[in-house]
Ligand SMILES: Nc1ncnc2c1ncn2[C@@H]1O[C@H](COP(=O)(O)OP(=O)(O)OP(=O)(O)O)[C@@H](O)[C@H]1O
């Protein structure tokens, strides 16, 4: 007999809005609401349908091969995949920006409020997720959340919420919501329980990561940024369990392909059915390996054509600039000179030669600030974002939960 997964129930709580309301709106406020009562999962046995297990198996093999191929590759693909992944994960929040704008925001270190700057913050978050060697847990979650929102919403960055959050329905109260997260008094126990789950060794990595993600979204521990932090968490877990050691898996692309299926899978999870979310994450992982392999092939092609275009001698700085441009397709002279450890004069000359060779283009990005970009790599990143982008229009816009 299948052992059921613990499902969410509800508790009735008194409702008192903390938001400033008009007299009319206040009169319409409910006095009670149903809040989710989320069970612990630390020791629950995940029983899955054989078809789901087969999908997990297929994805695990593909991810392991993809990761090994990245380790063997001479091209530094990880930074580009990381950029692509954080831009894709941010898309559900409707933050879209061209690769060029994102890289300019990074170069200029802007104040963290525009879309491009928010995606830069998401890249910092994702980077922490894929490089962390710490055991997965609450500290890692809080750290990733801080990285994501410290520039744009410092008052909530890296802090659990102390208020109700819900998805869908009215902005003024949670009564008609699609989902109301558990009361914040439960957060310490629920997050400690999730940490125990994340450290389990008796559950296959992809199953562990998918369920951790769904439980995290069900807990919804933050006022905002739960989706992006929860997707970064999947990366932390896959790395911790040794599935992705060498590179980044562009997973969010697969998750975003059908936002409705994603939201439905989270809804099923709350009802005690873990198969849809595990299946969705396994399929997204499989698609991620295809997308990542495509990106690698395209990069290799561009790098090959650059080799034909460069006219400088084999020992010139120009060749080393090419390697940086693959990782960082928009650079300025001081940053590039520091990275290559050569003079700014030599760096400038190399960039001018590469511009004459048709590899880079320069433009002013701010007052007295010039940047050189590799348009082919930027176009490739935009194409990646498009391939990764959503195919279906979601039924419900995933607005940040109302407060
Ligand atoms: N029924 C649901 N409908 C939509 N989203 C849901 C649902 N249940 C859970 N979620 C999760 O809530 C996330 C949105 O929460 P929140 O706005 O805090 O995250 P975000 O990172 O700021 O935004 P986004 O995920 O849209 O980029 C979704 O990404 C999804 O993971």
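Every residue, even glycine, has its Cβ placed from backbone N, Cα and C.
In TrEMBL, annotation is done automatically, which means it is predicted and not curated.
These features come from TrEMBL:
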type	residues	note
ACT_SITE	220	active site
BINDING	224, 225, 226, 227, 228, 229, 230, 231	ATP binding site
DOMAIN	136-283	domain 'Fido'
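Here the features listed in TrEMBL are placed on the structure.
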residue : record           : Cβ contacts under 8 Å, 6 or more apart
225     : ATP binding site : 145, 148, 149, 153, 156
229     : ATP binding site : 125, 141, 144, 145, 148, 216, 222
230     : ATP binding site : 213, 216, 217
231     : ATP binding site : 89, 213, 251, 252, 255
Checklist entry - Just counting, how many other CB atoms are there within 10 A of the CB of residue 224 (ATP binding site)? => result 21
Next on the checklist: Tell me the Cα distance separating residue 226 (ATP binding site) from residue 220 (active site), rounded to the nearest angstrom.
Outcome noted: 6
Checklist entry - With DSSP helix as H/G/I and strand as E/B, how many residues of the domain 'Fido' (136-283) fall in helix, strand and coil? => result 84 helix, 4 strand, 60 coil
Next on the checklist: Mean pLDDT for the domain 'Fido' (136-283), rounded to an integer?
Outcome noted: 95
Item to check | CB-centroid shell, 8 A cutoff, ATP site 224, 225, 226, 227, 228, 229, 230, 231, site residues removed | outcome: 145, 148, 222, 232
